[in-house]
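> These came from Swiss-Prot, pasted as-is:
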- 1-32: signal peptide (SIGNAL)
- Cys65-Cys100: disulfide bond (DISULFID)
- Trp70: C-linked glycosylation site (CARBOHYD)
- Trp73: C-linked glycosylation site (CARBOHYD)
- Cys76-Cys110: disulfide bond (DISULFID)
- Cys79-Cys116: disulfide bond (DISULFID)
- Asn101: N-linked glycosylation site (CARBOHYD)
- 120-157: domain 'LDL-receptor class A' (DOMAIN)
- Cys122-Cys133: disulfide bond (DISULFID)
- Cys127-Cys146: disulfide bond (DISULFID)
- Cys140-Cys155: disulfide bond (DISULFID)
- 158-504: domain 'MACPF' (DOMAIN)
- Cys162-Cys200: disulfide bond (DISULFID)
- Asn243: N-linked glycosylation site (CARBOHYD)
- Thr418: phosphothreonine (MOD_RES)
- Cys503-Cys550: disulfide bond (DISULFID)
- Cys505-Cys521: disulfide bond (DISULFID)
- Cys508-Cys523: disulfide bond (DISULFID)
- Cys525-Cys534: disulfide bond (DISULFID)
- Trp551: C-linked glycosylation site (CARBOHYD)
- Trp554: C-linked glycosylation site (CARBOHYD)
- Cys557-Cys590: disulfide bond (DISULFID)
Amino acid sequence: MKNSRTWAWRAPVELFLLCAALGCLSLPGSRGERPHSFGSNAVNKSFAKSRQMRSVDVTLMPIDCELSSWSSWTTCDPCQKKRYRYAYLLQPSQFHGEPCNFSDKEVEDCVTNRPCGSQVRCEGFVCAQTGRCVNRRLLCNGDNDCGDQSDEANCRRIYKKCQHEMDQYWGIGSLASGINLFTNSFEGPVLDHRYYAGGCSPHYILNTRFRKPYNVESYTPQTQGKYEFILKEYESYSDFERNVTEKMASKSGFSFGFKIPGIFELGISSQSDRGKHYIRRTKRFSHTKSVFLHARSDLEVAHYKLKPRSLMLHYEFLQRVKRLPLEYSYGEYRDLFRDFGTHYITEAVLGGIYEYTLVMNKEAMERGDYTLNNVHACAKNDFKIGGAIEEVYVSLGVSVGKCRGILNEIKDRNKRDTMVEDLVVLVRGGASEHITTLAYQELPTADLMQEWGDAVQYNPAIIKVKVEPLYELVTATDFAYSSTVRQNMKQALEEFQKEVSSCHCAPCQGNGVPVLKGSRCDCICPVGSQGLACEVSYRKNTPIDGKWNCWSNWSSCSGRRKTRQRQCNNPPPQNGGSPCSGPASETLDCS
């Protein structure tokens, strides 16, 4: 199948370096927010007035999508009575190249005399459609314990234990979903958080009565606290990128069998509107004489913890895993990760994050006799007192007039020759487009923060998580041959990580960011650049930062160690651009 025009998979792209500074993709609290529209037209208009767009001397050659040859057919699976084969993505399409338009796996019926031993003995009631095994005491109790209502069928009488309506915990649906950590996107449900095992004790939070799911060990409300911003100054884009974005990047590189110790902050998919907006607005200041003031306020409203064992899996995930072939076939296991993610959440912090970045023109600041410390002081105290108490500003070593000048420039930043070049805002939690709209108009006020905090309380985002690989949900309680399936999932996860990486994309021009969407690569261009490869720009001889190529395969195990390498040549640094950050080689223990 080499050189074919095929492939239509839904796997998201490995998250690029900006992920975690951006918020939670497709989370409760992010729906309805469209920050990509705020201010972008004005920014582009100002460029059009002051600069003439020109094309870089680059000839774009369409790159066609290319798949590997088919793998060999597996033997006939005795339980599914099917056999399988698959193909890998070798080269994504790019620059209007020919796409891959058909499936990257094939399944066909077959006949075998081998017996199927895939059934796990059930001592209770076997649900008719979902195949779930539930305790007989849960029959006819008014709850859909099976997920298909078969436990409530043919009942002479319903003995309903819960007499009062109770709400579901905030964000509980996303907490039950699998998460693709290569994209920070939530996928299909892997846990059933609508299963209660007959439990009906109410849990009160803010006078609201909640029903605790069987799988949940604890869901603890947190005090809102004060709306305070932590402000930090960065004298260059490279400092800003390293300290704000790269430190909160996705977990795209794994050791320890894809296990990640501790709790970490979630990011956002580069495919989301907010992710693209953030890249376009901040990347254009790379290799400019701009300085950055980054401010952030965190709000925690609840802590969530999953039970450590005996979990009730969602019936859709249960059935999909049961249909996996025991003989390894990457295509079937790859589809499981596409549909249900790579990991599941064991602990989480729910709440919101309000952050903004002021981008200042260093030369204009010097002409106006401003320092970044002045901007810091004015921004911080404008939030606290609304710019009303002159003595506070004087005590900070900056005049009232100077502070008012800065704050007015923030509102008028789309005009030419201003000291404030941009205000980039990211609001997570609250699901309020109104708040996001206001956030782009001026620095946050106490009233705006109170409005946002009230919205976060009832519609929080998942901002931090602790996770386990999806294969940890495959236990002998639910699956025969669980050890075989787990080992297959581990192997497939390593292959999946390599296949969905944007390192397969050709470089974008002008520090554009390549993003792999299924089997197609796109370039996200900084504001001021456009074209399929960001090749049309107002800037000449732009410094190009280096980007890593794909990792090599792991070496064979020698001396209980194995290694792999990668090269900084996709593209290499050019015109004084920055080198790649991170290691060029990795070493792991092996046996």
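Just so it is clear, glycine is given a Cβ too, placed from its N, Cα and C backbone atoms.
Quantities reported herein were computed from a predicted structural model and do not represent experimental measurements.
For each feature listed, report its degree of burial, its nearest neighbours and the pertinent distances within the displayed model.
Its Cβ placed at the centre, Cys100 (disulfide bond) has 25 other Cβ atoms within 10 Å.
Cβ neighbours within 10 Å of Trp70 (C-linked glycosylation site), excluding its own Cβ and spanning all shown chains: 15.
Secondary structure from DSSP puts Trp73 (C-linked glycosylation site) in coil.
When other Cβ atoms within 10 Å of the Cβ of Cys76 (disulfide bond) are tallied across all protein chains shown, the result is 19.
Note on Cys116 (disulfide bond): other Cβ atoms within 10 Å of its Cβ, all shown chains, come to 13.
Secondary structure from DSSP puts Asn101 (N-linked glycosylation site) in coil.
A Cβ distance under 8 Å defines the sequence-distant neighbours of the domain 'LDL-receptor class A' (120-157), meaning residues of its chain 6+ beyond its ends; these are 192, 194-198, 312, 314-315, 318-319, 322, 476-480.
The Cβ of Cys133 (disulfide bond) has Val120, Cys122, Glu123, Gly124, Phe125, Val126, Cys127 as same-chain neighbours under 8 Å, each 6 or more residues away in sequence.
Residue density at Cys146 (disulfide bond): 24 other Cβ atoms are found within 10 A of its Cβ, drawing on all protein chains shown.
Under 8 Å, Cβ to Cβ, and six or more positions away along its own chain, Cys155 (disulfide bond) finds Leu139, Cys140.
For Cys162 (disulfide bond), other Cβ atoms within 10 Å of its Cβ number 16.
Sequence-distant neighbours of Asn243 (N-linked glycosylation site) (same chain, 6+ apart, CB under 8 A from its CB) are Lys232, Tyr234. A helical conformation is recorded for Asn243 (N-linked glycosylation site) in the three-state DSSP classification.
DSSP assigns Thr418 (phosphothreonine) to coil in the three-state reduction, outside any helix or strand.
The Cβ of Cys550 (disulfide bond) has 13 other Cβ atoms within 10 Å, all protein chains considered. A coil conformation is recorded for Cys550 (disulfide bond) in the three-state DSSP classification, outside any helix or strand.
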> When the Cα-Cα distance from Cys116 (disulfide bond) is computed for each of the disulfide-bonded residues Cys146, Cys162, Cys200, Cys557, which gives the smallest value?
Cys146
> I'd like the Cβ neighbour count for Cys65 (disulfide bond), meaning other Cβ atoms within 10 Å of its Cβ, all protein chains included.
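Excluding its own Cβ, Cys65 (disulfide bond) sees 25 Cβ atoms within 10 Å.
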> So among the glycosylation sites Trp73, Trp551, Trp554, who's got the most Cβ atoms within 10 Å?
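By the 10 Å Cβ neighbour count, Trp551 comes out on top.
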> For Cys503 (disulfide bond), name the DSSP secondary structure in the helix/strand/coil scheme.
helix
> So if I measure Cβ to Cβ from Cys523 (disulfide bond) and keep only same-chain residues at least 6 apart in sequence, which ones fall under 8 Å?
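Set apart from Cys523 (disulfide bond) by at least 6 residues yet with Cβ under 8 Å, we have Cys508, Gln509, Gly512, Val513, Pro514, Val515, Leu532, Ala533, Cys534.
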